[in-house]
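Colleague: Before I ask anything, here is the structure I am working with.
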Amino acid sequence: MATFTPRTRFLSHLYRPRLHHRIYQVRNVPPIHRSQHTHTHAPPEPIRLKLPPTLSLFIAASGLIYYAATLHISPQPKNLNPQTFTAYTLTSKTPVATSPPSHTAIFSLRPEHPPGQQLPFTEGILSVQVKQPQLQIARSYTPLPSNPGEEKDGTLRFLVKLEPGGEVTRYLFSLGLQDKVFLRGPMVEYTFPPVGEVDKTLFIAGGTGVAPALQLAANSLTPETEIFWAVRSRAETEGAMAEEVEDLVRKTGGKVSVKVFVDAEGGIGIQDVERGMEGGKVAVVVSGPEGFIKRVAGEKTWREGREEQGKLGGVVRKVLEKRGGEVRVFKL
Ligand SMILES: Cc1cc2nc3c(=O)[nH]c(=O)nc-3n(C[C@H](O)[C@H](O)[C@H](O)COP(=O)(O)OP(=O)(O)OC[C@H]3O[C@@H](n4cnc5c(N)ncnc54)[C@H](O)[C@@H]3O)c2cc1C
């Protein structure tokens with residue numbers, strides 16, 4: 001019998017009570033949601049009003065005074081927080097591969113003000129929202145594990161894939177070095193199990209879904225983490241990302257292993273997952289595009305505007321049906 005634990009996301013360090021519901025509220029803020037692709041920006045027919053010049057001047061002056069007053073009343077926040085957007089500076093943008101050119105890059109963002117506190121990386125997998133200022137929408141991204149020295153200045157690094165028609169990724173890729181970016185967060189997307197509850201985490205990641213896998217591998221207290229990383233082309237795993245993965249494996253001293261599966265070479269098979277799920281009490285975490293999550297562990301569902309874990313399906317279910325037993329599964 002499969003124990004399928006529908007755990008949810010929360011801002012534990014900020015809101016202790018009603019953790020589960022808090023998550024969904026944050027997640028369901030319409031402009032932030034990953035699955036919300038209903039951005040129709042067709043401008044309405046312009047309505048031209050003829051106002052006397054003195055009235056126009058008065059309205060313009062009032063607007064300016066209001067703007068200045070608002071800026072004065074609500075100064076820019078200095079620390080990253082889930083309610084308001086905090087200014088960061090883009091300090092580097094490294095394509096994952098240059099040959100062939102890749103549509104995925106690592107963005108480094110340094111806070112304008114030194115951070116007053118560290119992010120609670122040891123609590124769970126964190127995400128941070130990036131604002132697209134013209135459209136006033138935001139999307140979530142998962143910070144990669146920090147590089148030495150970056151922890152102190154609060155630099156956050158993100159692995160981002162350019163979506164050709166995507167609003168926030170096109171905006172991010174259009175930015176130049178030293179441009180400002182506004183971030184809000186963190187949100188806890190998955191809480192690490194307490195020590196002793198899990199012997200091994202099998203993280204099955206598709207594409208940029210490897211970012212939360214690396215974050216978990218760097219911070220969770222589980223004795224062993226095995227990452228299965230499925231990619232369309234091997235180039236996605238080379239260059240900057242190869243360094244990223246090698247660094248992490250070295251730093252964690254054998255606790256973490258990463259296996260790459262290229263779609264064209266067969267991808268992740270049922271035998272791979274079956275083998276990955278061996279090793280005592282195993283937690284399976286799945287992250288990636290919707291279709292990938294569905295194929296690996298069944299699709300996530302929506303109820304009353306909230307995203308839920310849905311039934312266990314896909315390859316993980318097949319493994320359980322074949323060999324029996326229990327497994328904890330979480331779909332990011
Ligand atoms: C917790 C969390 C963590 C994440 N971490 C990462 C991360 O680390 N790295 C990463 O790259 N991504 C991550 N994502 C995904 C990310 O939040 C965005 O969803 C992704 O970058 C696309 O955003 P966008 O605004 O560029 O695209 P969107 O504007 O949302 O569009 C996405 C796709 O849908 C298409 N589309 C848009 N509107 C329509 C429409 N009306 N009809 C048909 N198609 C449409 C676009 O062409 C595009 O291909 C994460 C998501 C979540 C929820």
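Placement of Cβ uses the backbone N, Cα and C atoms for every residue, glycine included.
TrEMBL does not curate its annotations; it predicts them automatically.
For reference, TrEMBL lists these features for the protein:
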DOMAIN    83-193  domain 'FAD-binding FR-type'
BINDING   R139, Y141, L159, K161, V168  FAD binding site
Colleague: Within 8 Å of the Cβ centroid of the FAD site residues R139, Y141, L159, K161, V168, which other residues of the same chain have their Cβ?
Modeller: V130, S140, F158, V160, T169, L172, T208
Colleague: How many angstrom lie between the most widely spaced Cα atoms of the FAD binders R139, Y141, L159, K161, V168?
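Modeller: Site span for FAD, by Cα atoms: 13 Å.
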Colleague: Drop a 10 Å sphere on every Cβ of the binding-site residues L159, V168 and tell me which sphere holds the fewest other Cβ atoms.
Modeller: V168
Colleague: Counting all other Cβ atoms within 10 Å across every protein chain shown, which of the binding-site residues R139, K161 scores highest?
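Modeller: Of R139, K161, the one with the most crowded Cβ is R139.
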Colleague: Cβ distance under 8 Å to Y141 (FAD binding site), same chain, sequence separation 6 or more: which residues?
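Modeller: Result: S127, V128, Q129, V130, F158, V160, A211.
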